[in-house]
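Asker: Supplied in structure tokens, the structure appears directly below.
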Amino acid sequence: MRPYDIAKPFLFSLPAETANKSVHRLLETVDGTRVADVMADRYTVADERLAVEAFGHTFDNPVGVAAGFDKNATIPETLASLGFGFAEVGGVTAEPQAGNARPRMFRLKADEAIINRMGLNNDGAIVIGERLKNVDAPFPVGVNIAKTEHVGTNEAPDDYRTTYEHVAEGGDFFVVNVSCPNSEGFEELQNRDAMEAILSELQDAGAAPLLVKLSPDLPEPAVEDALDLVTELDLDGVVATNTTTERPASLRSPNAVETGGLSGKPIENQATEMVRFVAERVDVPVVGVGGVSTAEGAYRKIRAGASLVQLYTGLVYRGPSIAREINSGLRDLLAEDGFDSVEDAVGADL
């Protein structure tokens, strides 16, 4: 039995957000200690076959932590000790935000899923930017940039630029979040003109590498418009996808009635197909997100065109050994299929 199997019943007896904060505090306390070194020895899978080159950075392995887990950039180094290949912090907004009223995070235990309507609560770009300057993580750290809640569509480009300028020094890559389902005003940002204005403003500010994060709920023509922009503006990558407001009929948990973005196992196949759709249409690295919790699931996304994968909900349900388990499994799957590296397997099913 893994230690997390012992701790999980207690954590799951707490409200989801309370448990999340408790885990964060624990991870913060081990940062820079001998415990972090022991964790790194235990959880890191060192194998050159897992390494990936993407948007100008080397990732020791393709498994990262998605935005939303480390909102305020307080634990990147500790996440590296858990064996992850990178982390994306945020979403970060120009001003501090309290987010939506609680409760705002719900476990769907029977479905291995989460619904959240957090509302982009974060410490704000000034505080997080200063914090990022002091981060000394041994892996690439991305910054998810989002719109401040009270800012309208016309003012959004300047708002995103302000956030970027505060976090620029501490980020290794930047993800433009125009697809958050839990904050007002994001739907309008996903039309072509609004998205182009935001992305162009960030490029004018020097934001690079620059990626855009898309919603799984966009109709196909809107996704194609967004991907046309990726090519026209010469962006560096695409993150596919965000959480979904849709509710599959297969959901069994009582909390399925809650509003917010759904993440976890129920959206795994939908997210993988979105990765495939994107990878078939653009010639930039794709970061696959949605329902990743096993080596097999990560491998399906990689074969569908993802150069990297991210997870959040899987960490909640599977615990701190998840990166090691996925990376160990990926190593075996690559060998079984005769691939010399993860990079060789990217897009194998296209």
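Positions of Cβ are set from backbone N, Cα and C atoms, glycine also.
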Asker: Besides A67, G68, F69, D70, K71, G91, N144, N177, K213, G264, G291, Y312, T313, which of T29, T33, T44, T241 does Swiss-Prot list for that FMN site?
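Answerer: Among T29, T33, T44, T241, only T241 appears alongside A67, G68, F69, D70, K71, G91, N144, N177, K213, G264, G291, Y312, T313 as FMN-binding in Swiss-Prot.
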Asker: Among all protein chains shown, how many Cβ atoms are found within 10 Å of the Cβ of N144 (FMN binding site), not counting that one?
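Answerer: Cβ-Cβ neighbours of N144 (FMN binding site) within 10 Å number 26.
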Asker: Provide, as an integer number of angstrom, the distance between the C-alpha atoms of A67 (FMN binding site) and N242 (substrate binding site).
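Answerer: Between the alpha carbons of A67 (FMN binding site) and N242 (substrate binding site) there are 9 Å.
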Asker: Per DSSP, what is the residue tally for the region 'Disordered' (245-265) in helix, strand and coil?
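Answerer: Its residues divide into 5 helix, 4 strand, 12 coil.
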Asker: Rank the binding-site residues G119, G264 by how many other Cβ atoms lie within 10 Å of each Cβ and give me the one with the fewest.
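Answerer: Minimum Cβ neighbour count within 10 Å, taken over the binding-site residues G119, G264, occurs at G119.
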